[in-house]
Amino acid sequence: METFFIETLASDVYGKALNVDLDRLSQAQIKYTLQELISYCSALTILHYDYSTLAARLSVYQLHQSTASSFSKAVRLQAAQSCSRLSPQFVDVVYKYKAIFDSYIDYSRDYKLSLLGIETMKNSYLLKNKDGVIMERPQDAYMRVAIMIYGMGKVVNIKMILLTYDLLSRHIITHASPTMFNAGTKKPQLSSCFLLNVNDNLENLYDMVKTAGIISGGGGGIGLCLSGIRAKNSFISGSGLRSNGIQNYIMLQNASQCYANQGGLRPGAYAVYLELWHQDIFTFLEMPRLKGQMAEQRLNAPNLKYGLWVPDLFMEILEDQIHNRGDGRWYLFSPDQAPNLHKVFDLERSQHENAHREFKKLYYQYVAEKRYTGVTTAKEIIKAWFKTVIQVGNPYIGFKDAINRKSNLSHVGTITNSNLCIEVTIPCWEGDKAEQGVCNLAAVNLAAFIRENGYDYRGLIEASGNVTENLDNIIDNGYYPTEATRRSNMRHRPIGIGVFGLADVFASLKIKFGSPEAIAMDEAIHAALYYGAMRRSIELAKEKGSHPSFPGSAASKGLLQPDLWVRCGDLIPSWEERVAQTTQGVLTRKSWRQLRLAAIQGVRNGYLTALMPTATSSNSTGKNECFEPFTSNLYTRRTLSGEFIVLNKYLIDDLKEINLWTEAIQLQLLNAGGSIQHILDIPAEIRDRYKTSREMNQKILTKHAAARNPFVSQSMSLNYYFYEPELSQVLTVLVLGWKKGLTTGSYYCHFSPGAGTQKKIIRNSEKACNADCEACLL
């Protein structure tokens, strides 16, 4: 190790000069090994976030000492391994253009990674040999992904390879975990999310166990619709026996998930969905629990995620019961006796007798025919749901009718379930010409477009367009585990572009979450994201053709995503003027009018945007997750790579500006668990801006969601954060979200640790809620 090793890494050679105690670190350098020095610097993060930056640079230096010094050499060494994962075609492309790739790649950019980022890359994304030795650097991985996207087709597009590498390595965009895992390999399953619909026959029940296991082994996350499975004790005419219902089947999928881990890199990840009218609903709601009768008898399935597919009719009955306007009566059915309830939805929310409400009509038809197998109340169901949420943070809630009526692909078929993180909504079915939904994900770093004079909406639009083209190419270049997944992806060509770093944008511009300015900017950012994606998808359609299911879609009729919200009455028609004002004329009424006219001629992709969790991307780049507020100003992030201290650098910079980042403040911040609300030496304006997600009124999160949702083609992973498990508080935001037309009611509901006997249960809930659903996690 060179004499001035620490001084060099802390200097501006690798970016900005770091605010660290060099004398202290020089002494530590003498005493510690390199790995110990990394841990030592990480532990000092509480003093200043630059210590974490230095630890990251040390970790990068450590990796660079043990890996090849050029991209082509790294590929050659991997290809020479007896069990190399690299595809021969990929290796040939690298060798053919190695002079270009080797001269363009910039390994100094590795030093821009956060500590959490470089350790995550080492643990999960960088290719290893059969002995577990890392064989590449982060920049090599970014170039590998870029070549996979633009170098594996009929034409090797060098220009787009280099552009995509730049966008990835500068952390302007990120691609999903399966893309990072599998790009350039012999079996490149690049897709993140898969949606399966389980039919009520023995052959298909077991087929779906096999299919889910194969998908999971390639790194995909899975959402399964169970609403079509007949209820427990239902008669099976073919055998004369009685059905076991959904319980044993869920346990079977639970065991399959535990076995079929994602390439050994992380656990498998499945979510199961059920509609609320199903006779087995109370069994379903108890199966995730860590405590209770099923758990004690080991009849639960706590490793799965759970989701409810909630119709408007249930919410109407629940609201009436809450306000004593009705008795809350809710009928339960077995789908063999009351078929197709999960295959219809209400096109309108109106109470008018002539309203298009196919679900409501069929539901009450079956009630009149006395096909129901049980009667409960809406309150009883929601209380059972909440009891489970307290323990494990889910089941998620997806608003079935809003999802379907606002889908560009509503003409294809009813959307019966979502994916692992409830942001992907693709129709899927089994049987003749079965389709199993697939979506490829990526995200844009919103903080990359912060400028001294405001926000660069034009840059965001351009980046969104670039990601659109990337994902469209991934559809053609990826591996599909089943013919039904290939058929669906080729027919609809759905993509899901998300975001991360919204909280960083607000913090940098000194905007408070929940303020009118913040809500307007949230809307404008997602409008720009959608606009950029749609514009590029239209251009791609002119070049390559529209997706085959384009005829009959909303876009084919000149309806953009926000137009579907206007049609439903959930967005006022003047939204265009509001967006024009916020973007300072970047997006005007004319912009949207021209986009509508162009869309009628053809669109390449059936879906464009979906707001997923982005913990890994956020970890890698040092930005906050997706569209969420800061969860804390100081916390320990636990990942598969270890534990890391995360400090809110924007808060520290603001406090340093007024000479308040002192040892006393540091100690108070530590003792308060990352909250500054009771540190009265800090000005009220700063305390207000740095309220954490738990400290702000949860209606703020709902209002922000309502502002961005009209520009989301699919849905979003919308979390809520509460101090105490009070059903009234949770119901308030759920009902508000439903009334505002949200597609996702809730992803996870997080609760702070409580007191007494509840404390352990809620701590378990926190553990479950914070577990990374990394299949669609970026």
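Glycine too: its Cβ is placed from the backbone N, Cα and C atoms.
Not measured: the values here are computed from a predicted model.
The cysteine that Swiss-Prot pairs with Cys193 in a disulfide, picked from Cys428, Cys439, Cys568, Cys626, is Cys439.
The annotation in Swiss-Prot ties Ser192, Cys193, Gly221, Asn419, Leu420, Cys421, Ile422, Glu423, Pro613, Thr614, Ala615, Thr616, Ser617 to substrate, and of the candidates under consideration, Ser177, Ser237, Ser632, the one tied to the same site is Ser177. Taking the Cβ of Ser177 (substrate binding site) as centre and 10 Å as the limit, one finds 27 other Cβ atoms among all the protein chains shown. Here Tyr747 (site 'Important for electron transfer') is compared against the recorded positions Asp200, Arg230, Asn419, Thr614, Thr616, and the shortest C-alpha distance is to Asn419.
In this record, substrate is bound by Ser177, Ser192, Cys193, Gly221, Asn419, Leu420, Cys421, Ile422, Glu423, Pro613, Thr614, Ala615, Thr616, Ser617; the longest C-alpha to C-alpha distance in that set is 19 Å. The Cβ neighbour count for Cys193 (substrate binding site), using a 10 Å radius and every protein chain shown, is 31.
The two recorded residues, Tyr748 (site 'Important for electron transfer') and Cys439 (disulfide bond), show a Cα separation of 21 Å. It is Thr616, among the binding-site residues Asn419, Thr616, whose Cβ has the fewest other Cβ atoms within 10 Å in the structure shown. Of all Cβ atoms in the protein chains displayed, 26 besides its own lie within 10 Å of the Cβ of Tyr748 (site 'Important for electron transfer'). Note on proximity: among Asp200, Arg230, Cys439, the recorded positions of the record, the Cα nearest Thr614 (substrate binding site) is that of Cys439.
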